[in-house]
Structure formats: C-alpha cells, structure tokens
Amino acid sequence: MAPGEKIKAKIKKNLPVRGPQAPTIKDLMHWYCLNTNTHGCRRIVVSRGRLRRLLWIAFTLTAVALIIWQCALLVFSFYTVSVSIKVHFQKLDFPAVTICNINPYKYSAVSDLLTDLDSETKQALLSLYGVKDVLDSTPRKRREAGSMRSTWEGTPPRFLNLIPLLVFNENEKGKARDFFTGRKRKISGKIIHKASNVMHVHESKKLVGFQLCSNDTSDCATYTFSSGINAIQEWYKLHYMNIMAQVPLEKKINMSYSAEELLVTCFFDGMSCDARNFTLFHHPMYGNCYTFNNRENATILSTSMGGSEYGLQVILYINEDEYNPFLVSSTGAKVLVHQQNEYPFIEDVGTEIETAMSTSIGMHLTESFKLSEPYSQCTEDGSDVPVTNIYNAAYSLQICLYSCFQTKMVEKCGCAQYSQPLPPAANYCNYQQHPNWMYCYYQLYQAFVREELGCQSVCKQSCSFKEWTLTTSLAQWPSEASEKWLLNVLTWDQSQQINKKLNKTDLAKLLIFYKDLNQRSIMESPANSIEMLLSNFGGQLGLWMSCSVVCVIEIIEVFFIDFFSIIARRQWQKAKDWWARRRTPPSTETPSSQQGQDNPALDTDDDLPTFTSAMRLPPAPEAPVPGTPPPRYNTLRLDSAFSSQLTDTQLTNEF
C-alpha cells in the first residue's frame, strides 16, 4: 500500500463517522452494529471467523423470529372477541365397599372348637363377678352347643393354666390372687396397665389381668385392665386366635356367612344387584367379608349423579342368634370405603352399622398428590422402601407398617400373628408349635408402639392417594307402620336361605352414595421451579445490567472461549520460542548493520517515523541526480479525496 493511501485509511479508521452521515448503507449498518444495544447484531460484526459470524447470525435471526411470533399471538389474542363455552358432565368412579358381619363365624359352626374355652370363661365370670347363667337368655340350640364338658371338679382348666387370670388389689402391691386356685402369688417383672374402653366415674380398686411368661418362666410381663370386660375379652381373644389359627381356610370359609345369607336386597344406581356383584374376602378376625365394585370386576362402576338414590343400597341379615357372646359385645356390621387396589383394613377404620336402623353414608372424594424427593419423603409405589409387601394390594403406609411388624414377628418369635397375612414360608402361631408366642407377641407389640422396631422410620407415606370423607346419619328402620308387612315380605323372599321369621333386630339397612360430584384435589407444586429460577435470573440481569440470553452467550464466548484461547496461544508461542532457542546454537558473528529497506525503523507497514526515530537513522547514501523532473503532485487529486471523506472533521486543527 502506498504511503498516502495508508495515511488515508488510518485516519478514516480512527476518526468517528456518525450514523446518518455515513456515505454508504454498508457503512451505516457497520456503524449501527458497532453502537447498538442489541448484542446479537454487534457480535455479528466484531466476531472473528466465518463460523462464529454464522452462529451469531443464526442466534439473532431465531430470536427475531420468536419475538415476531409471540407478538403476533398477543396481538391476535387482544383483538379476538369470540367467546368459548364448555359444558362438561362429570362422572366419578364409585369406590370399593367392603361389608363384614361383626361376628366372624356362626356360633353353631364353631361351638365344638370353643366348648372348653367358653366353659372356662363362664367359670371365670362366675368366680370374679358372680355372674350366673351367662347363656340362659339365648336360644336352646346355643345352650346345648355351649354346654360345659369340663368342670372345676373334673379335668383341670387348660386355658387358665396357660394364661392365668389374676386379681390385683391396690392395697397389696406386688401380689395378686390367682382366681383359679384362690392363692396369692408374688408378681415379678413388668406390670403394664391398659386403660379401659368403658367409662368409669370412679376407678375400681381391683384390677383384673393376666400374666405372660417366656418358656423358662424367668421373664414375665403382667397386663392389667381397669375393666373386667376388657380383661376377659382380651384373654378370650388370645385363646380364640390360637384355636382358629389351626383351622384350614376352606373350613373357616364354610363356617362363616355366605353372600346369599348376608345380602338380603341390593340396588346400585337404581338398578338391581345381587351376590354375584360382590367378591369374597376372608378376614382372619371378621370371617367372610364381601367387596362391592372390586378390582376383579370387568369394569369399575361409576355414577353420574349425587344423592342416595344413585348409590349403593343393601339390606343385611345380621342373624344375632349366631353371635359369639364372649368374642363380640355389639351387634351389627362393619363397612369400609376404599380404593379398588387397596387392602381393606376393616378392623382399624371400618364404620359400624346398627341393626334395626337405616345408616346413610354420604361420601366426598379428596385426591392428594404430593411431591417426592427432595420436597418430601413420600414414595410413589413403595419400591424404594426396604420392607416386603405381604399384602396382595397397592402400597400404603398402613400396609408397610403391618408388613414390617409381621416380618419382625416371624424373625423374633418364629411364627406369624393370626390377624395379618402370612409372609413367605411362615406359619401362624399356636401353642403346640410355639408355646412362647403370646409373650413374644406382646413384648414385640410394645416395642412397636414405642417405635423401637424401626418400622416407623423406614415406612413412607404414599405420594398419591384417595380419601373419602364420610358423613353418617341414622334413622329408625323399619318404622312401626311398615314393620309388619315389610318383615313378612323379606321373610318370604329369603325363605330358601333363612328358616325363621325375621325381626328388625336381625336386619340392617345401608345406603352409601356421593353427596355431590365435586371432587377436591390437593396437589403440591414446587415453590421455585427451574422456569421460575430462570425467569428471576433474567429479571435481575435485565433490570440491573440490561442483559439477556444473547448477552449471556456473549459473555460465555468472550470470557470462556476467547479468554482461554488467548492464554493458550500465548503459552504455546512461549513454548515454541523456548524450544527454538534451545535448538538454535548462539551465533558468534557480529550482526551487520541494517540499512535501507532492512532497517526496521523504515518499515513501511507502520506509521511514518517520528522525529526521534528519524534522528537514529543512518545517513542516507548519496543518490544520483535523477534524469527526469519531479512529478506534479497536484495531479494526484489528494485534496478532493480528503475533502470528500472528512467534510465534518476538523482536519486542519488536528494537523
């Protein structure tokens, strides 16, 4: 490049050119991209390399397209005046309904198994409270079935020897009277008092209980009750579970109530139903239970209307004459509303139904959805819980706790508790094979209540579940006006199943329905999501630094790509120079003086030499006199070229 052209280009580059006064559109765009706040346009100009420029062009055009698209949607939405109307008829799935008779087995069917136990129970009541003729008010069939086969004078009582009943007097601490022998005995070990379920105005001074010991009788625990009712029933239930645990399942099903016996009439959603719509579920403590709308059905029934007319209506035959007087002290049935894949814990959360009454249960559905980790410690399906599910049902907290306890029971006591399902390769506890199981069970249960087994720490709440809020109301049924004809009709309808005339204390009416179809959903959502986090970051960067996504990309390019690239190049160049110096031997020759074009001070690629640099130049050799005259400089038209480019600059002042 000629020296004059270089001076012209240098001045043109250094002097600012204002936008509207740029001579060409290209210069105007160049100025705009260099001075605009739109980061993408600026990066297109200042980026070095074709690939980077193409990437910045793509980023910028994509951002412009998104802006145009979103703005167009906003404008169209603003000027749209149409109205949309949605009409939705909601239908709710009807839950599964499990119904059990409070009395698990017909007394006439199990009386042969319980004869000795019932006889000793009656003798205990006679000795403790002077109660005579416990079964005299019952029909003759029961009296015959419950006749005593052993007396005090005959064979010694087997059940009272296994678990002796004791009478405690507060005035004599540490001693108790054995009600069978009448002798006082010293009580060693722990004494655990269980509060009574019956309200007392004044606490009795006498306590009734029983003692459980290990095999060697060295370690014992005594359980006392303030009410004799609770003590007798708890003592009776322990022996009852031991006896029934040895009965095969098929025989127990035959000893309990069939669906045709339990269900007198059935209606759902205004349509007739029968025993075929119910599924048998055998519960260890409640016998044969029957589930309506179970998961084994082909389709899950639903309802499209609320109210008692569009739910489940059944009349139940309770058959009070077949009740075990020592096992249960109330008459009626138990009902539980639950999901189709949920195990019915009828003994824990079931609702009792009275006889001679119409029980209406209105339901309201609530669905809960919780967030799993890291927001909470819930589980989706229980796969992350280190407890084996021994129930043939979906995971729940209650299933996990009972499964954990049953597993611990098998590990510690060598057998399983009768009221829960069997773990793999386990057997139910009984006296013959496991004489120590009662003491072990009570000790383990106390540790479970005190949360010492670790079950409460490993079991987690389910993340999603359904819950039905129940509202119960009662009405006398049947009324005195309709009692006569209604009972006669029901007796005639059930003549094939029931060989007696029905009375109202044998029957119970149940209505289960949705109060309305309003479903409440409780859903957890994170208070700070990733979208909200990015939005907050963008708001802060835009407010304080006028920075956007393109600005962030620009920062990444400069400080994480270019910055380290420069450092890498410098280090590489230093390494190359060091290697070159190491391989090249030092020169002993005196360097020749550089003159003319070899002198770096006269490099035409730089600016003109200053006065100081010019003084250091060697004297120029004498040049021959040219044979031609010097050129005419006015013919180069330098003035016109400078004037056209520098019209608004103060060129005269700067030079």
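A Cβ is built for glycine as well, from the same backbone N, Cα and C atoms used for every other residue.
Swiss-Prot lists 585-598 with the feature compositional bias 'Polar residues'.
The 10 Å shell around the Cβ of Cys289 (disulfide bond) contains 27 further Cβ atoms across the protein chains shown. If you look up Swiss-Prot, you'll see Cys100-Cys289 (among others) marked as disulfide bond, on the strength of similarity to another entry.
Taken from Swiss-Prot, the feature disulfide bond applies to Cys213-Cys220 (among others). The Cβ of Cys220 (disulfide bond) has 15 neighbouring Cβ atoms from other residues within 10 Å, across all protein chains displayed. In three-state terms derived from DSSP, Cys220 (disulfide bond) belongs to an extended strand segment.
Per Swiss-Prot, disulfide bond is recorded for Cys266-Cys273 (among others). In sequence order, Cys266, Phe267, Phe292 make up the list of same-chain residues 6 or more apart from Cys273 (disulfide bond) whose Cβ falls under 8 Å from its Cβ.
Around Cys378 (disulfide bond), the C-beta neighbours below 8 angstroms that are at least 6 residues distant in the chain are Lys370, Leu371, Ser372, Lys460, Gln461, Ser462, Cys463. As annotated by Swiss-Prot, disulfide bond applies to Cys378-Cys463 (among others).
Annotation for Cys400 (disulfide bond): spatial neighbours Gly382, Val385, Val387, Asn389, Cys455, Val458, Cys459, Lys460, criterion Cβ-Cβ under 8 Å with sequence separation of six or more. Taken from Swiss-Prot, the feature disulfide bond applies to Cys400-Cys459 (among others).
Classification of Cys404 (disulfide bond) by DSSP places it within a helix. The Cβ neighbour count for Cys404 (disulfide bond), using a 10 Å radius and every protein chain shown, is 23. Summarising the annotation, Swiss-Prot assigns disulfide bond to Cys404-Cys455 (among others) and lists similarity to another entry as the type of evidence.
The disulfide bond annotation in Swiss-Prot covers Cys413-Cys440 (among others). On its own chain, Cys440 (disulfide bond) has Ser214, Met409, Lys412, Cys413 as residues at least 6 apart in sequence with a Cβ closer than 8 Å to its own Cβ.
Packing around Cys415 (disulfide bond) is summarised by its Cβ count: 21 other Cβ atoms lie within 10 angstroms of its Cβ, all protein chains included. The disulfide bond annotation in Swiss-Prot covers Cys415-Cys429 (among others).
Among the features that Swiss-Prot reports, N-linked glycosylation site is placed at Asn215 (among others), with the record citing sequence analysis.
The N-linked glycosylation site annotation in Swiss-Prot covers Asn277 (among others), and the record cites sequence analysis as its basis. Non-local neighbourhood of Asn277 (N-linked glycosylation site): Cys266, Phe268, Phe292, Asn293, Asn297, each in the same chain, at least six residues away, with C-beta under 8 Å from its C-beta. The secondary structure of Asn277 (N-linked glycosylation site), as reduced to three states from DSSP, is helical.
As annotated by Swiss-Prot, N-linked glycosylation site applies to Asn503 (among others). Under the three-state DSSP scheme, Asn503 (N-linked glycosylation site) falls in the coil class.
The feature region 'Gating release of inhibition by proteolysis (GRIP)' is assigned by Swiss-Prot to 140-227, with a curator's inference given as support.
Per Swiss-Prot, motif 'PY motif' is recorded for 629-633.
Marked as topological domain 'Cytoplasmic' by Swiss-Prot on the basis of similarity to another entry: 1-55 (among others). Mean predicted confidence for the topological domain 'Cytoplasmic' (1-55): the pLDDT average there is 68.
Summarising the annotation, Swiss-Prot assigns topological domain 'Cytoplasmic' to 569-655 (among others).
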Exercise. Where does Cys459 (disulfide bond) sit by DSSP, helix, strand or coil?
Worked result: coil
For this session: Measure from the Cα of Cys213 (disulfide bond) to the Cα of every one of the disulfide-bonded residues Cys100, Cys404, Cys415, then give the nearest.
Result: Cys415
Seminar exercise, completed: Looking only at the recorded positions Cys100, Cys220, Cys289, Asn503, Cys429 (disulfide bond) has its closest CA neighbour at Cys220
Exercise. Can you tell which of Cys100, Cys213, Cys413, Cys429, Cys463 has the most other C-beta atoms within 10 Å, given these are the disulfide-bonded residues?
Worked result: Cys100
For this session: For Cys266 (disulfide bond), list the number of other Cβ atoms lying within 10 Å of its Cβ atom.
Result: 20
For this session: Sorry to bug you, but what's the C-alpha spacing from Asn503 (N-linked glycosylation site) to Cys100 (disulfide bond), rounded to the closest Å?
Result: 20
